[in-house]
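> Okay, these came from Swiss-Prot:
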type	residues	note
BINDING	Val109, Thr334, Pro335, Lys362	UDP-N-acetyl-alpha-D-galactosamine binding site
DISULFID	Cys132-Cys136	disulfide bond
DISULFID	Cys144-Cys194	disulfide bond
DISULFID	Cys332-Cys333	disulfide bond
TOPO_DOM	1-22	topological domain 'Cytoplasmic'
TOPO_DOM	44-259	topological domain 'Lumenal'
TOPO_DOM	281-287	topological domain 'Cytoplasmic'
TOPO_DOM	309-403	topological domain 'Lumenal'
Amino acid sequence: MSTSTSPAAMLLRRLRRLSWGSTAVQLFILTVVTFGLLAPLACHRLLHSYFYLRHWHLNQMSQEFLQQSLKEGEAALHYFEELPSANGSVPIVWQATPRPWLVITIITVDRQPGFHYVLQVVSQFHRLLQQCGPQCEGHQLFLCNVERSVSHFDAKLLSKYVPVANRYEGTEDDYGDDPSTNSFEKEKQDYVYCLESSLQTYNPDYVLMVEDDAVPEEQIFPVLEHLLRARFSEPHLRDALYLKLYHPERLQHYTNPEPMRILEWVGVGMLLGPLLTWIYMRFASRPGFSWPVMLFFSLYSMGLVELVGRHYFLELRRLSPSLYSVVPASQCCTPAMLFPAPAARRTLTYLSQVYCHKGFGKDMALYSLLRAKGERAYVVEPNLVKHIGLFSSLRYNFHPSLL
């Protein structure tokens, strides 16, 4: 007489037959240990990781960041107070270049007192230009002050060292009192003014528009030299409207839908999957090659890279300027934007045709123009500037946070 066996009982029998040496058991244990123990322990303080413990660390890290920014602001202030002014001996990088190859235009407003954001930005550019030497002789610093008030102390201080364009100099402007003009439209018009002033004053080959809370990374000039001299000679890059030098780290995950990122993510699995499979087969003394094991390690590596944070793996590209990637741009944000001169003139025309408002800032306006005008734009990865401004010039923020 035969007896029927339930599916649950059959499953239990099969599980009992599995030994610790079973491939399935080993890979299951590896998954649990990696994603349940090792990665959370190693990454719980990484700000842009899915393992980041926000409730434990965010407030403290935000306060530490603000305190460090205050110290760096004070250091930048002392730096300029001790630097010889235009009445004395001015370093060559501050002197006007007849027709520069690259104009670095820093747009500034009077921000939260004490942090001296614009001083931090300009002092870092000055230091990097000095280190760059003859290679950067065709670079020109240019400050564009769009603060309506005359009380912008940092801009006044910098005017001793850097050529300055003041949008509201010598005028009693009631621009902000016009009910039809909101802060987002004013920011766009300020941007247009600074871009146009850069072109009219210097007629350069390129204009780098930098907001006053975007500190350049150490590698910015070697990377720009490589990109503009070599990579942007390629036909599909040559006529780009702009090149973004910054994209928020929180938006750099693979799960933020960008076609090129998906291809990169699959490429990570295709690269690391076979490598980890070979390592596993070698150390586990498994004969031959297993497609299921390779599929597991491909998915394992893709999941690990995404959960730890794509941002941190992008940092490996800083080893060489040639490793930086250039991919199609998305809409956010504008801390640092590079315009070839012909594209800058097209941008001025385009921006004069749009009106910005809440929910449609200048970054979205620029991005919307790509499809409307048949233009292309790109972003370089990893970022070439650090965004240090936790206090927005558009929105009141009494409790600034890193996220």
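Heads up, the Cβ atoms here are built off N, Cα and C, so glycines get one too.
Locate each feature and note its surroundings.
Remark: Lys362 (UDP-N-acetyl-alpha-D-galactosamine binding site) has Phe184, Glu187, Lys188, Tyr191, Thr334, Leu351, Cys356 as non-local neighbours, by Cβ distance under 8 Å and separation of at least 6 in sequence. Reduced to three states, the DSSP call for Lys362 (UDP-N-acetyl-alpha-D-galactosamine binding site) is helix.
Cβ neighbours of Cys132 (disulfide bond) (same chain, under 8 Å, six or more residues apart in sequence): His139, Phe221, Pro222. In the three-state DSSP scheme, Cys132 (disulfide bond) falls into the helix class.
According to its DSSP assignment, Cys144 (disulfide bond) is in a strand.
The Cβ neighbour count for Cys332 (disulfide bond), using a 10 Å radius and every protein chain shown, is 15.
Across the topological domain 'Cytoplasmic' (1-22), the model assigns an average pLDDT of 59.
Long-range neighbours of the topological domain 'Cytoplasmic' (281-287) within the same chain, counting only residues 6 or more positions beyond its ends whose Cβ lies under 8 Å from a Cβ of the stretch, are 23, 26, 293.
Each residue in the topological domain 'Lumenal' (309-403) gets a DSSP state, and the totals come to 36 helix, 19 strand, 40 coil.
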> Near Cys333 (disulfide bond), which residues of its own chain have a C-beta under 8 A away, given they sit six or more steps off in sequence?
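When sequence neighbours closer than 6 are ignored, Cys333 (disulfide bond) has Tyr246, His247, Pro248, Asp363 within Cβ distance under 8 Å.
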> Given the disulfide-bonded residues Cys136, Cys144, Cys194, Cys332, state which is nearest to Val109 (UDP-N-acetyl-alpha-D-galactosamine binding site) when distance is taken between Cα atoms.
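Result: the closest of the disulfide-bonded residues to Val109 (UDP-N-acetyl-alpha-D-galactosamine binding site) is Cys144.
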> Determine which residues of the same chain, besides Val109, Thr334, Pro335, Lys362, have their CB within 8 A of the center of the CB atoms at the recorded UDP-N-acetyl-alpha-D-galactosamine site, and list them by sequence.
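For the UDP-N-acetyl-alpha-D-galactosamine site, the extra neighbours are Ile107, Glu187, Tyr191, Met209, Glu211, Cys333, Asp363.
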> Write out how many residues of the topological domain 'Cytoplasmic' (281-287) are helix, how many strand and how many coil, based on DSSP.
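Secondary-structure breakdown of the topological domain 'Cytoplasmic' (281-287): 3 helix, 0 strand, 4 coil.
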> Determine, from DSSP, whether Cys194 (disulfide bond) sits in helix, strand or coil.
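Note: Cys194 (disulfide bond) is helical by DSSP.
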> Only counting partners 6 or more residues apart, tell me which same-chain residues put their Cβ under 8 Å from the Cβ of Cys144 (disulfide bond).
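Those within reach of Cys144 (disulfide bond), by Cβ under 8 Å and sequence separation of 6 or more, are Thr105, Ile106, Ile107, Thr108, Val164, Ala165, Arg167, Asp190, Tyr193, Cys194, Ser197, Ser198.
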> Using DSSP and three states only, what is Val109 (UDP-N-acetyl-alpha-D-galactosamine binding site)?
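Val109 (UDP-N-acetyl-alpha-D-galactosamine binding site) sits in coil per DSSP, no helix or strand.
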